[in-house]
Amino acid sequence: MILSYTPEYILEFQSLQPATGGVEGHFQRRDDDSVTKKVTYATLTLQSIMSSINLFIQIICIVVSLYKRSTIKGPFFTLIFIFALTVTSRVIFHSVALAFNSHPNAILVYRMSRLSLYIDYWSSLFSVTITFFLSLNRCLCFLSEKWNGRIFVGLRIFCLIIFCVIISVLGTFGIIITSEIVRKYYTNTGFIDTGSDTGYKDSINRFFNMFPVGSVVCYIILFFHLRNENKGRLNKSIFSKRGENKVFSHLIITAILYLILNIMYEVVVVFGNEFSLQLLTWLTVLTIFNYLPEMSLSLLFIFDTMHFGISNLKFPKKKVRRTTAIKSINTV
């Protein structure tokens, strides 16, 4: 998910005024009824649709991952469960904060939007981080079972999750506090996060962008490894892990989508000063497409699991009866 920041001058250029505004802890609400009732704009409608679809997919992913964890032991299903649970929590709380925007208590509105800001940023950074470790887990399944066990087996998987939580929290506070990020609600676009040009927001954001790059690197390493292993001979162990290879392709699709969105955001920001009118439009579009990477990972995981289950029902594994030949020894 892209952590976008809109400069204040862009909003002033387009004569956009927040539905709730003011300094921290002090809000002034406009008397215009359209502020709280007029939510028929296309951007808000699309965001609501994408958010609902994303929530539905993540809930199904949670159920499927819990089922898989009960039948198949492994760190991958734990990580995918945590990933889906994090995204679900973010979507639900974001929707709650959006609904509270019409509450008469302005202080409560501010606190909900502020808390929503921190949860959104933390969960977004956490999702990107956990996606990389999902890719690393799949890669090490092929390259080194030893290192895969050292990193992902047993209680180490929970230490890894705690590590992802900590660096995501540090990144969130580093971005919001140092760059003075503020979340405001606009009737035609929904929540918009604005911030100053100072602070470490760009550096921290680009640091976390390295995690999708790391996922792509894992895929490239695995690709050449499998090609070398399979060159000139039929390696049955590779084909026996075809399912794991398919799962890894889902992860690379997610990582590439993350990279495409972040590259688009960087281009928009670089050329935003020259095309002020289009900047906010592009940021709104990117906000809608923000859901695609996390939706793709969970959706592909669900489809792959369902396809595997249907295949087992149609073509159940046949039990092979093995016989052992015993060489007779004739004695004279």
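Start at 1 and count along the chain as shown; that gives each residue its number.
Quick reminder: no glycine exception, Cβ is built from N, Cα and C everywhere.
Keep in mind the model is a prediction, meaning the values are calculated, not measured.
Taken from TrEMBL, the feature transmembrane segment applies to 44-67 (among others).
Nonlocal intrachain contacts for the transmembrane segment (79-101), taken as residues 6+ away from its ends with a CB within less than 8 angstroms of a stretch CB, comprise 19-20, 36, 51, 54-55, 58-59, 61-62, 65-66, 69, 108-109, 112-113, 115-116, 119-120, 123-124, 126-127, 130-131, 133-134, 137, 157, 161, 185, 190-191, 294, 297-298, 301. For 79-101 (among others), the entry in TrEMBL reads transmembrane segment.
The transmembrane segment annotation in TrEMBL covers 121-143 (among others).
Look at TrEMBL and you will find 155-177 (among others) tagged as transmembrane segment.
Look at TrEMBL and you will find 207-226 (among others) tagged as transmembrane segment.
The annotation transmembrane segment is assigned in TrEMBL to 247-271 (among others).
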Chain residues outside the transmembrane segment (121-143) and at least six past its termini with a C-beta under 8 angstroms from it: 1, 3, 75-76, 79-80, 82-83, 86-87, 89-90, 151-152, 160-161, 164-165, 167-169, 171-172, 175-176, 181, 208-209, 211-212, 214-215, 218-219, 221-222, 225-226, 238, 241, 244-245, 247-248, 251-252, 254-255, 258, 293-294, 297
